[in-house]
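Chemist: Straight from Swiss-Prot, here's the annotation block:
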{"type": "BINDING", "residues": "13, 35, 62-71, 122, 182, 191, 211-212", "note": "substrate binding site"}
{"type": "ACT_SITE", "residues": "64", "note": "active site, proton donor"}
């Protein structure tokens, strides 16, 4: 497998295997990793992960597990056995849930995926949090959940680029994975708390998840190359 040389993760947000692989075949695994989310995984199951790995890609399995500690830990273990590079769980599942996931990975003798916690979804604003009983700013909730993740031994967090600077300051050892990245001139779509790729890296993000600006581009390979150029890597 060719090691990726950039922080870019391209979201394969498609309903079918054929559509996802059509995009993957236009991308260079040295220039990006790929993210498999709920829609594609539900449609294709574990087979899609193996196929993408065979093409040379490191795979971020973005299923945001959230259940009782044992159930979540067993799901993370299964993901590790697929050979994924990164897997995530919801920090709101609590300290015991995250710690159980850390423990099950630490018991593995083989390669371990990065274990990433999801804080506050980038589509959520203060009024959305108020609607579920949290009368606080998104950044405050992110910092609360980040402290739990650090205590549980997580490798990093999914967070908005707007929270990255504060998180790096508070938890410098955590790797930050940032969705909602939109190259200059792109539409915001349903992501609210966004920055450009360069702004996100400068703010402290370690990995950048980019979807539609690459996946729906007329020339995805060029769109990816343009982002790499924007980052001056």
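The backbone N, Cα and C atoms fix where each Cβ goes, and this holds for glycine too.
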Chemist: Output, ordered by sequence, the same-chain residues six or more apart from residue 69 (substrate binding site) with a CB under 8 Å from its CB, or 'none'.
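Modeler: In sequence order, the residues whose Cβ lies under 8 Å from that of residue 69 (substrate binding site) (at least 6 apart) are 93, 96, 97, 99, 100, 101.
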Chemist: Suppose we draw a 10 Å sphere around the Cβ of residue 211 (substrate binding site). How many other Cβ atoms does it contain, all chains included?
Modeler: 20
Chemist: So if I draw a 10 Å sphere around the Cβ of residue 13 (substrate binding site), how many other Cβ atoms end up inside it?
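Modeler: Summing over all protein chains shown, residue 13 (substrate binding site) has 19 other Cβ atoms within 10 Å.
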Chemist: What does the structure give for the C-alpha distance between residue 211 (substrate binding site) and residue 64 (active site, proton donor)? Integer Å is fine.
Modeler: 17
Chemist: Any same-chain residues 6+ apart from residue 66 (substrate binding site) with CB under 8 Å of its CB? Would you list them in sequence order, or say none?
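Modeler: The answer is 72, 89, 90, 92, 93, 97.
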Chemist: Which state, by DSSP, holds residue 69 (substrate binding site): helix, strand or coil?
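Modeler: Helix, per DSSP.
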Chemist: Using Cα coordinates, what distance in whole Å links residue 122 (substrate binding site) and residue 64 (active site, proton donor)?
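Modeler: For residue 122 (substrate binding site) versus residue 64 (active site, proton donor), the Cα atoms are 14 Å apart.
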